[in-house]
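Over in Swiss-Prot, the protein carries these features:
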type	residues	note
DISULFID	Cys49-Cys85	disulfide bond
DISULFID	Cys74-Cys339	disulfide bond
DISULFID	Cys84-Cys97	disulfide bond
DISULFID	Cys214-Cys317	disulfide bond
DISULFID	Cys473-Cys478	disulfide bond
DOMAIN	45-99	domain 'EMI'
DOMAIN	103-236	domain 'FAS1 1'
DOMAIN	240-371	domain 'FAS1 2'
DOMAIN	375-498	domain 'FAS1 3'
DOMAIN	502-632	domain 'FAS1 4'
MOD_RES	Ser37	phosphoserine
MOD_RES	Cys65	S-cysteinyl cysteine
Amino acid sequence: MALLGRLLPLALALALGPAATPAGPARSPYQLVLQHSRLRGRQHGPNVCAVQKLIGTNKKYFTNCKQWYQRKICGKSTVISYECCPGYEKVPGEKGCPAALPLSNLYETLGVVGATTTQLYTDRTEKLRPEMEGPGSFTIFAPSNEAWSSLPAEVLDSLVSNVNIELLNALRYHMVDRRVLTDELKHGMALTSMYQNSNIQIHHYPNGIVTVNCARLLKADHHATNGVVHLIDKVISTVTNNIQQIIEIEDTFETLRAAVAASGLNTLLEGDGQYTLLAPTNEAFEKIPAETLNRILGDPEALRDLLNNHILKSAMCAEAIVAGLSLETLEGTTLEVGCSGDMLTINGKPIISNKDVLATNGVIHFIDELLIPDSAKTLFELAADSDVSTAIDLFRQAGLSSHLSGNERLTLLAPMNSVFKDGTPPINARTKNLLLNHMIKDQLASKYLYHGQTLDTLGGRKLRVFVYRNSLCIENSCIAAHDKRGRYGTLFTMDRMLTPPMGTVMDVLKGDNRFSMLVAAIQSAGLTETLNREGVYTVFAPTNEAFQALPRGELNKLMGNAKELANILKYHVGDEILVSGGIGALVRLKSLQGDKLEVSSKNNVVSVNKEPVAEVDIMATNGVVHAISSVLQPPANRPQERGDELADSALEIFKQASAFSRATQSSVKLAPVYQRLLERMKH
């Protein structure tokens, strides 16, 4: 596809001549799609265009690149056919469509493009056919035969029963008193029709579809001696009301009418511009819980956000949607507007009950479901659409619901449901305090967080922000989904329960019996002060079992030389904080010893120097501890002086710690993750 994307402009230029070259005049989206259709039909002869027909219908489209490969329009399969491009015709015995259509007047051209019903109705009026056959220059947007036959019987009867007034006026509304080709049909422009100078709304979309009062151009740019004919798929009628006026007169918009008046948006909806209003009906409002609806209606800012979320920044006719589009609302949210067959969808749901109600300043689609933006929601409501239901139940059980439904400015750090696959912690005072430390005292946005920032929690703790290349973490927990910003609170979906730091690295090691031998070694090497003071350390902490696994001779040699012991221990300490969520395929972390540690993560297993880490992310106020089951060796350990004066005392302390470890090993069992987390909070 990438190669095709580079070659396609060149191929188009070769196929179509100088007008298609990059140096030539700019082409409209319609012309670009037509060029692509011509390129696809070239193998069938000159001036042949590929056309996609929607199976089971008579709807045809010139094909763009995406549709050509997908063979779908609005999710429905299409078949490819080949026909003469506009302005050309077949010649018996010749390949393709080599002959240009002979030019005739507008009336005759109506027959050429297949608009025979429009031609017939033109005949019935006294004045119009002479104009179409006489001098001048006109554009006619001619309804197809199917367009006339699909009119309601009462509408058609009213037209044909008064041909020299009603029918004549209707046909004149389809005409402009000059020649207008598709290149001149600009998105959002208005053309002055030949009926009382009433405006015709033009929209020219990036996908090449052109609409006239939301009727799609089927065959465009058919030249005549006195103008041009564009075939369209609907009979269009005059538009006199703006969006606000339509809201005022439609009974189904009673609630919407009151909401617009309360928000002050009526000025926008009756002014100039081109908008799409996804207008919720009374039934749409009734589907919302009364408590939620009353809260929003009583909050001017939330109400304005709610209504703005139903207004698109430009007019979007239904016929312009042939695949999913991401469209931004005035509120700032992006809606996925798509189609499935004849149904329009919003965010994948077929909630549009009436489409293409035209206004002078846009178009209205009726919807039967309210589109509440995140900016109008409470934290509870934000969570309902996120993968955090288990965490929300914990907050509710712990009596913290008021924080999630009120007007308190805060940020909720909610672990995703998979975090609790092995169960949830018991609800008690310590769990409640832990949950309070998942609430930040301000409404934040992740895009404004920076490395080293500290955040105050409702539980009284300070949490640190760590920014890594591919992740953004708060203590040991990293943000797993885009944050959702509500009316007062912001929801961060986190990848694990957060562990607030409870002491220095030395405090953490001393409080865990698994590290008693390491603590003894640190004390003997004179590193206690280093790991107690302020700093940013990552400690790969060998457990007692790791030391006991060393050959006895090697262990004695190590403990007999304090400088070498310090050198090896420093190799276990990185000079920055690296939590597991910040580890990518490979991170090289500089140690206090000077050499670098190679830290990696694969299939949720963290390794250091290819040795698996037994437990990650034991948080400390000056760093993080990762438990490992082996003692790491520097890549090149230079000879050190023995430091004999410390050797005996160091070895004795180490032996005592080792003995203590063996004595307690059989009775001390690893607690479940939540129990260990809660135990740490005691200190």
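Glycine is no exception: its Cβ is also placed from the backbone N, Cα and C atoms.
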Using a 10 Å cut-off on Cβ-Cβ distances across all protein chains shown, tell me which of the disulfide-bonded residues (Cys49, Cys84, Cys478) has the largest neighbour count.
Cys49
Where DSSP helix means H, G or I and strand means E or B, what are the helix, strand and coil counts for the domain 'FAS1 1' (103-236)?
49 helix, 36 strand, 49 coil
On the three-state reduction of DSSP, what should I expect for Cys49 (disulfide bond)?
strand
Residue among recorded positions Cys65, Cys84, Cys85, Cys339 with Cα closest to the Cα of Cys214 (disulfide bond):
Cys339
Could you tally the C-beta atoms, other than its own, that fall within 10 angstroms of the C-beta of Cys317 (disulfide bond)?
22
Residue pair Cys65 (S-cysteinyl cysteine), Cys84 (disulfide bond) - Cα distance, angstrom, rounded:
19
Let me check the 10 A CB neighbour count of Cys85 (disulfide bond). How many other CB atoms are there?
20
Restricting the comparison to the disulfide-bonded residues Cys49, Cys97, Cys478, which residue's C-alpha is spatially nearest the C-alpha of Ser37 (phosphoserine)?
Cys49
For Cys97 (disulfide bond), which residues in the same chain are close in space, meaning a Cβ under 8 Å from its Cβ, but six or more apart along the sequence?
Gly45, Pro46, Asn47, Val48, Cys84, Cys85, Tyr88, Glu89, Lys90, Val91
On a C-alpha basis, identify the one among Cys49, Cys74, Cys339 that is nearest to Cys473 (disulfide bond); the candidates are the disulfide-bonded residues.
Cys339
